[in-house]
Amino acid sequence: MTVTHGLEADVLRRQDPELADVLLGERERQATTLQLIAAENFTSPAVLAALGSPLANKYAEGYPGARHHGGCEIADVAERLAVDRAKSLFGAEHANVQAHSGSSAVLAAYAALLRPGDTVLALGLPHGGHLTHGSPANFSGRWFDFVGYGVDAESGLIDHDQVRALARAHRPKAIVCGSTAYPRHLDHAFFREVADEVGAYLIADAAHPIGLVAGGAAPSPVPYADVVCATTHKVLRGPRGGMILCGAELAGRVDRAVFPFTQGGAQMHTIAAKAVAFGEAATPAFAAYAHQVVANARVLAAALAAEGLAVTTGGTDTHLITVDPAPLGVDGRTARGRLAAAGLVLDCCALPHADARGLRLGTAAVTTQGMGEREMPVVAGLLASVLRGGTEAARAREDVRELTAAFPPYPR
Ligand SMILES: *Cc1c(COP(=O)(O)O)cnc(C)c1O
């Protein structure tokens, strides 16, 4: 790891000890608290090495073989590697690896397929839709006419009848399937069928589960969606960034929607790091990891339910769990604060059955650290005990420190 070890770290420490301390402090925080934020993970030292490489210096507007700058012959090799690896990993005809983030990937997907003012059907934000699925604070809500479908208040499952009825009533130009908080697999065949019935494009925003897809632990949206948007930094465990997969016939439109329509020069160090991550994700070790992530999440969900928390949909198919802590006498916001003080880091989220906030947890990061089904009940016990007020924050913080000490995310 270059940030705090090795030659580069020494250079940074000599030149800018203040910032070197900040980086060291963050490394310490990540290693000694429990990273239960469902969107986070620990990238490998190889990915970090690519991110810290001199490719960060290179301007490479355009695409391999057709750049607006000179000296791109090596950058081209890096991007071709990333594209080829993504295509083979996901069985896609085309991959664009330049999107700076998951949100940029969604923006480009809309730019490729839609015009301002078009109607789009997506999971409503109060039900787990992402900001890019029609939030009035986001370009999506400002430039498109979003109609939101929801989840059933009791079961927490997507209301398929409502999706079909809204699609028939509003005739959207595109249907988006994907969520920031849905713990179950999506029925891609169902969404494809509804999209075909009303003549809409199907956009799968697989930002969360794409890493599980890579490891064969979740169904792939690639055979069903016209365009698949994803992040590379969640379960997939690559650098922060976005990616778009599509069929050959939309390749040109998608590429032009990324550059020059919504972005300038590609971040070549990040693209190199994406190539490294795709290489890792194609290994049997990563497939085992992805399945372990889900096994851990299932055990954690069951343990949280046994501790008295209300688990949305009764469990999970993925890395992601949402719970209502109300049965333990706290609301989501208070719970998140108390848990943070104890070193359990997670997010709040919407709940299907209540206006109150719930908690969203994921197992991608702790699984990368090497935690397994034995540790998950320990995590659930700590969490519940902090929420019940049975364990002081300082005491729980020590317990978390002890647990994480056995699973360092990076070699020391
Ligand atoms: C995380 C996420 C995004 C956005 O990713 P960023 O890289 O944070 O922009 C988009 N859509 C969904 C469903 C997500 O979960």
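Any Cβ shown, glycine's included, is placed from N, Cα and C.
Where the annotation comes from TrEMBL, it is an automatic prediction and has not been curated.
Features as listed in TrEMBL:
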BINDING   L125, G129, H130, L131, E249  (6S)-5,6,7,8-tetrahydrofolate binding site
DOMAIN    13-381  domain 'Serine hydroxymethyltransferase-like'
MOD_RES   K234  N6-(pyridoxal phosphate)lysine
SITE      H233  site 'Plays an important role in substrate specificity'
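Sequence features, as recorded in TrEMBL, placed on the structure.
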{"residue": "L125", "record": "(6S)-5,6,7,8-tetrahydrofolate binding site", "contacts (Cβ under 8 Å, 6+ apart)": "L131, H133, G134, S135, G148, A350"}
{"residue": "G129", "record": "(6S)-5,6,7,8-tetrahydrofolate binding site", "contacts (Cβ under 8 Å, 6+ apart)": "A122, L123, S135, G148, V176, S179, T180"}
{"residue": "H130", "record": "(6S)-5,6,7,8-tetrahydrofolate binding site", "contacts (Cβ under 8 Å, 6+ apart)": "G102, S103, V106, G178, S179, T180, D205, A207"}
{"residue": "H233", "record": "site 'Plays an important role in substrate specificity'", "contacts (Cβ under 8 Å, 6+ apart)": "A39, E40, N41, T43, P239, R240, G241"}
{"residue": "K234", "record": "N6-(pyridoxal phosphate)lysine", "contacts (Cβ under 8 Å, 6+ apart)": "A38, A39, E40, N41, A207, H208, I210, G211, A364"}
{"residue": "E249", "record": "(6S)-5,6,7,8-tetrahydrofolate binding site", "contacts (Cβ under 8 Å, 6+ apart)": "none"}
A correct count of other C-beta atoms within 10 Å of the C-beta of L131 ((6S)-5,6,7,8-tetrahydrofolate binding site) gives 16
Checking the binding-site residues G129, H130, E249 against ligand 1, those whose Cβ falls under 6 Å of one of its atoms come out as H130
Confidence over the domain 'Serine hydroxymethyltransferase-like' (13-381), expressed as mean pLDDT on the 0 to 100 scale, is 97
